[in-house]
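Under the heading Mn(2+) binding site, TrEMBL lists A:C147, A:H149, A:E181, A:H205, A:H401. As annotated by TrEMBL, domain 'Peptidase M20 dimerisation' applies to A:227-320.
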Number of protein chains: 4
Amino acid sequence: MGVTITTPDRSRLVDLRRTFHEYPEPGWCEFWTTARIVDELETIGVDEIHVGPDAMDTSERLGVPDEAELEDWFERARDRYDGDSDVFDKIEGGNTGAVAVLERGEGPTVGLRVDIDALPITEADGADHDPTETGFRSENEGFMHACGHDAHITFGLGTLEAVKDSDFSGTFKVFFQPSEELLGGGKAMAAGPHIDDVEYMIGTHIGLGHSTGEVVAGGRGMLALNRMEVAFEGESSHAGLAPNAGRNAVQAFVTAAENVYAIPRHKEGATRVNVGRLHSTNPANIVADEVSAELEVRGDTTELMEYMRDRVERTLESAAEMHDCSVDYSLTGEAIRHDSDEVMVERVVDLASKIDEVTAATRWAEFGGSEDVTYLMKEASDSGGYATLIVIGTDHPGDHHTPTFDVDEESLGVGVSVLSETALSLFDDPVG
Amino acid sequence: MGVTITTPDRSRLVDLRRTFHEYPEPGWCEFWTTARIVDELETIGVDEIHVGPDAMDTSERLGVPDEAELEDWFERARDRYDGDSDVFDKIEGGNTGAVAVLERGEGPTVGLRVDIDALPITEADGADHDPTETGFRSENEGFMHACGHDAHITFGLGTLEAVKDSDFSGTFKVFFQPSEELLGGGKAMAAGPHIDDVEYMIGTHIGLGHSTGEVVAGGRGMLALNRMEVAFEGESSHAGLAPNAGRNAVQAFVTAAENVYAIPRHKEGATRVNVGRLHSTNPANIVADEVSAELEVRGDTTELMEYMRDRVERTLESAAEMHDCSVDYSLTGEAIRHDSDEVMVERVVDLASKIDEVTAATRWAEFGGSEDVTYLMKEASDSGGYATLIVIGTDHPGDHHTPTFDVDEESLGVGVSVLSETALSLFDDPVG
Amino acid sequence: MGVTITTPDRSRLVDLRRTFHEYPEPGWCEFWTTARIVDELETIGVDEIHVGPDAMDTSERLGVPDEAELEDWFERARDRYDGDSDVFDKIEGGNTGAVAVLERGEGPTVGLRVDIDALPITEADGADHDPTETGFRSENEGFMHACGHDAHITFGLGTLEAVKDSDFSGTFKVFFQPSEELLGGGKAMAAGPHIDDVEYMIGTHIGLGHSTGEVVAGGRGMLALNRMEVAFEGESSHAGLAPNAGRNAVQAFVTAAENVYAIPRHKEGATRVNVGRLHSTNPANIVADEVSAELEVRGDTTELMEYMRDRVERTLESAAEMHDCSVDYSLTGEAIRHDSDEVMVERVVDLASKIDEVTAATRWAEFGGSEDVTYLMKEASDSGGYATLIVIGTDHPGDHHTPTFDVDEESLGVGVSVLSETALSLFDDPVG
Amino acid sequence: MGVTITTPDRSRLVDLRRTFHEYPEPGWCEFWTTARIVDELETIGVDEIHVGPDAMDTSERLGVPDEAELEDWFERARDRYDGDSDVFDKIEGGNTGAVAVLERGEGPTVGLRVDIDALPITEADGADHDPTETGFRSENEGFMHACGHDAHITFGLGTLEAVKDSDFSGTFKVFFQPSEELLGGGKAMAAGPHIDDVEYMIGTHIGLGHSTGEVVAGGRGMLALNRMEVAFEGESSHAGLAPNAGRNAVQAFVTAAENVYAIPRHKEGATRVNVGRLHSTNPANIVADEVSAELEVRGDTTELMEYMRDRVERTLESAAEMHDCSVDYSLTGEAIRHDSDEVMVERVVDLASKIDEVTAATRWAEFGGSEDVTYLMKEASDSGGYATLIVIGTDHPGDHHTPTFDVDEESLGVGVSVLSETALSLFDDPVG
């Protein structure tokens, strides 16, 4: 390697991680988080900072909460924010997220994507939970960085800091993506103005059952996903006096639900379908005029997900028609399938195995869930480039998405080393 | 009463009944039966005989069997028929039935409707079953006059014979209606050319649990009915290799069937729905490309039946659409609701209670099933006239529609007396 | 009539009605209402007052809210209550309601039942709504006496006051019944200790589309009803990673719902079934481990309601079993069918037509809904006695169960007159 | 190779194939076929012949036709058979099939399985269909060797003839298996007395899209399958008069069918489910008392098939229970998953590529359907041995299971060469 990297020291990374851990915000509500990221980017001194509408195509955002909820989080964030920031004007209304750019002349463009949103989980408050013990437990009761996105933000900032003064030729972009948990932000960022020139796209995730010091290069098997909010609307009538006079939204819904589970298996591979969040307020003495639910489908490939989505839509519409109701469904989250490229995987394994803190560098993490970094990875592929996921191991006491999840802060440095080495190596010696 | 009636003697009526009992034919296949009726009408010497297409609107026939079955019964009938008859040319292709007319100048028109078809039931062959013992058991194995339509034909012919030489002024018409059991003929006869001038319409039924000598005037409660043949069509595929490539007619059918049973109850009164005769030949390793079934709905009123029919049709179409199949449904039988008129009921009770053989004359038989004489009754009502059903009691050893059903031949004379007295009284002293 | 009745004057009745109108409480939460009723009973000077557990069999109460809700209403009521009352100790925990008794020696026992609960409806606040204009609009925002139970309480108290000083021989009992709207209190009161000796049972309702001055004697056609709370419980799993590992409560629920609507119609008469209040919180990426809903069935007779209930229970259990889930269902409301007795109807019509304020006394109100006064009426019948409903007309601007419902206070006096005349006449001249 | 093989000459193989082609018999009805096979085995002079009950565990036969159908085929076969044979006594009642054994002292036991049943397909009769043109078209109209089992029988007999006089040490067994098409015979043969000592099991199939001269060693991907006959039984009632009095088998069936398609996808791999052959004779005016259907499930592995089967059984039973019906289901066909062993595949490729007539020897045919040779292969594996499938290419004008299917008779010699070389090589030089 022809470059020297100065990884930020441990305490700097720990500070950053704890700062963000303490104030978790859900998807499209990362107002304070975005403002703080921008502050740090200014401190680091990157060449460009694009915020909110300048960072993505906001019309492609999925699953944006309603006005009241956005407003509530926005006000809370502004109250908490120390000092002034014109960032707030840009991000109001759920336009969170940012892209940071280091420009170093001719050369390839390398992208790193980190996600920044938190989960609606109440953080553990036992003495054996380090954030509680040490004093940086979530201040937003009921919300928590329970999937390590606080560490991911730290990876993004730390890697910029590490790379900034290196002698490389090309462009380095870090995508601070909102709303990954609900698969709402990947599509919007991939549709934004900063992805087109990216030749190498790196996604990263901490933990996933791998210990501190382990690095896994490459991810595959993530299912493509489509999630929708569904609302059947009928007409009420008295269930005793005039059952025939209603247009029964419960009957429309249950017919749809029965049948979406029965969509034929597909010969090309795995498919999934599930229905949740049922809601209807009409008491039993009233024929229901509304039922809402959430519905998701998945597929081994984007095409299989689309097969399921098309069948679901046909089923919803026919079920509504059958019971003389109407149905609305709107996309609230989506991810495509895109596996890592073998050449990138090999490069990362090579590099990682030379890094001291890395105790084991292996290939291919198998995912069963869904991730919307795939949109950004696919953009790189479609432009003739390459992409990979890199899993940075960390000892985590509780599972992801549970109240006792925590990261081993020793792994923060490992992540920054691996990610910055990978980025710089791609400038120095492009793969593919 | 100003007229004298000569009821045909017992042995004549018994002969007629046995003649028709011996050769039962199902709906729209009453070829031999129609030819024999016409022979008898010629012997009696009525003024007009209208056969088949001249007796009804054949385009309104419902549930006509397929060509092969019609042809089979037609050939059998022609073979059996003794001598020549140009009736066969008229009725070929399922145009059975006849209307006989006695014209006696000015005066009201009175109609009597009798049905002539038999059932697909194998007649009992034990020694205790009189037709077997006496030697006039069904020659058409598998078919039987198990609902007394042989007696009804006898009522029709006997009443014409009884009335023929009476001194009355007006017109008397007897409608020998095909296909009552499947509710296929009533609509066609009511749409024919002989109903418009009918002011008084009389329907009749033997038995129904009433003993010989009992007469019940008036019938009500018959449900309106709509029966359809339903066929879903999809596309086959191999259930193991490509389940998604098919368009599954079984799934379309079961979704429809689930939902037709769940059509909301109606505040206005009783409704019914049922599915039968399922058929699909594709083995389980093939996604089915066809499923057929029979479906019926009923209602306390014609409107309620139509409510159910409309909901069923919507359900069938939506279920087909849901599974990307098509569906065909065609009407195979229909009856409307039409109760007897009180004035007619009173008239019949009055008359019947004066007849010697009548031991009890009561009012209102409650029907739960369906009958298509209602079409003819409604025509009379719509023209400002009146209609009634008359039940002629008979001791019947087995229930209607069972292999041991039989009629007490003593009741044949009772029926002819009551019906001819009723008809003549209406000429003499119109009600309403 | 051998007695003289002193109907309380108009302003007294208006005061009472407004007092109760102003503080509406839902079923089993009528804490302040019960305490105030007891105060009035003490003022009137009845012979016995039985409160809460002394007034009914509390183990038969249906649809009692959870502890937290009871506690909340209880505290609010106690805070509002002016002065002390040991009634509160008795009624804490949802044991509301009371029975008042006038003992006048030998003679029949006559019962009058009035219901005392309110509805979860926000009262209109426009100037054209008299309670708002005049200043006694609901103080419990979101709750309202929108079905006239404030007038019913007034009928109960006013009738006691009117009858108290009359010279009659026998016993008069007024049942102040909680939780009629949800059909939760009738069964418990009918199972209590004060019903056994009641020979004549009178139920009453204001309004129902009849104008001030009109009285309708007798009610019939109320459907028997059974309402249950249903909860399916399964087991969660990740819908993408392990759909087979869950036990899907949504699938169990929708199979049950499809099939309860498809319970066969019954030959004996009308039946009803409906499902409402769907609730399940699991998001779509989780196989749901719980779904709850409310379900009601009705029938033309108690037997028909029970036919439906039994079929529903079988369906729920089989659907749970099919999807390896469990299901709990608990009765939250019930009413039986019990029509008024003809002899009582005639008596009431006779009496009412002689009362000056009564402009029209007619027979038989047809109900399509359900009422649990039927339990008390049936008790009287079962003891060889008689029962009737009496509808007291009132001009009501809005419909029952709507925010603009109101009663014409002129009708309060009419009601008290009719009810007290009826009661006294039964002592004087027993029917049956 | 240390042995010399004398492959039977072309005309002998062609004669055999045409003999069997001309008289196709369906599963468990291969009476004439079995008798003719035994004749040939006697001509060849094998050491042991085990027929019917001596060849398998007849209690494990699946999908055996009913008595009448068996009897019909049996009589037809006996009439056609030239001369006497005591084989018929053994095989009467559907106990067809045979095992032939060559004993040559110490050494391994090698098994070859060939299937002998035909399909219910009407053979093409155009001039361009060689069996028609040449004169050996099916004599059993409506049945046809449309999947090459006539060639498989020829492979079995030809290989015995080729191997018989070779100098090898060990035991060679050929399993002439009945009823493969419906997956009825494999389980019974694998449960029989001749499989336990088999160390090497060879299955074979002709065609499958491969041309004459091509040989494919190894098969994998066949889905495990379970097929059942399902019959719901309820109780009839009149759909108009007493819908509630029936126990509706149609409702039970459609609820089951809806839900079997909705059995959750499994994380471990592909599953399948399908319903076919619906049958119910009750007309729509009768609540159905019986519905029958055929149902199959498949899985990527035997465990996945069993997961589906268990869920199907639970669903059937719960649906019956829900509608107060009963349900019977009986296994009519089954196959497990068992892929070929790599060491065997390599051996076959090696050998085949040295055979002159073989133009291409490749590895791994991917199957999507199901085959019950897997039972016999698994037995060998379970005993510590090895198994493989060998596909013998043939130019076939029509697809398998179509009326124009035919085999290129040149491939008969190729098959016998490959199979006999493989068998002998395993005696000489055991693999594994």
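Positions of Cβ are set from backbone N, Cα and C atoms, glycine also.
Taking the features listed in TrEMBL, we show where each one sits on the structure.
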| residue | record | CB count, 10 Å |
| --- | --- | --- |
| A:C147 | Mn(2+) binding site | 25 |
| A:H149 | Mn(2+) binding site | 26 |
| A:E181 | Mn(2+) binding site | 22 |
| A:H205 | Mn(2+) binding site | 27 |
| A:H401 | Mn(2+) binding site | 13 |
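Apart from A:C147, A:H149, A:E181, A:H205, A:H401, the Mn(2+) site neighbourhood in this chain, defined by C-beta within 8 angstroms of the site C-beta centre, holds A:D115, A:L119, A:H145, A:A146, A:G148, A:E180, A:H400.
Helix, strand and coil counts under DSSP for the domain 'Peptidase M20 dimerisation' (A:227-320) come to 35 helix, 32 strand, 27 coil. In the predicted structure, the domain 'Peptidase M20 dimerisation' (A:227-320) carries a mean pLDDT of 96.
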